[in-house]
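Here's what Swiss-Prot has on this protein:
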- H2: Ni(2+) binding site (BINDING)
- C73, C76, C89, C92: Zn(2+) binding site (BINDING)
Amino acid sequence: MHEMSIAMSVIDAVTEKARQEGCSKVTGIELVVGHLSGVEVESLKFCFSAACRDTPADGAELVIEECEAVGRCEACGETFPITSFYAKCPSCAQFRVQIESGQELSVRSITIE
């Protein structure tokens, strides 16, 4: 389960940022997680609650925005939603699809005090 290492990395990053800003408490964290990122959102939520215990982020609210995956056909330029890394263009039936979004895993914002 790599979600625990992700949760711990997020906690480390946001608590370090809070420390740099002279704050001692993280009260909220907002993440963006793409559907093709390989992250199980429910597992990440579970791991987050365990990872933040006894840290400045203990009790912080976690908000996760799930980002749809979008591909662009390199043959015809069509942009369309995708559900896997291997997608076929709905317009020209080519498999030359570049993933435009959906692999994200990032901290959008933190709330500190």
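The backbone N, Cα and C atoms fix where each Cβ goes, glycine too.
Structure with Swiss-Prot features highlighted.
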residue : record              : DSSP class
H2      : Ni(2+) binding site : coil
C73     : Zn(2+) binding site : strand
C89     : Zn(2+) binding site : coil
For C92 (Zn(2+) binding site) and H2 (Ni(2+) binding site), determine the Cα separation and express it in whole Å. 37
Take the C-alpha atoms of H2 (Ni(2+) binding site) and C89 (Zn(2+) binding site) and report the distance between them in angstrom, rounded. 32
Across all protein chains shown, the binding-site residues C73, C76 give the max Cβ-within-10 Å count at C73
Under 8 Å Cβ to Cβ from C89 (Zn(2+) binding site), same chain, six or more residues apart: give me those in sequence order, or none if nothing qualifies. G71, C73, A75, C76, E78, F80, F95, R96, V97
I need the neighbours of the Zn(2+) site defined by C73, C76, C89, C92. Which other residues of that chain put their C-beta within 8 angstroms of the C-beta centroid, in sequence order? E74, A75, G77, E78, P90, S91, A93, Q94, R96, V97
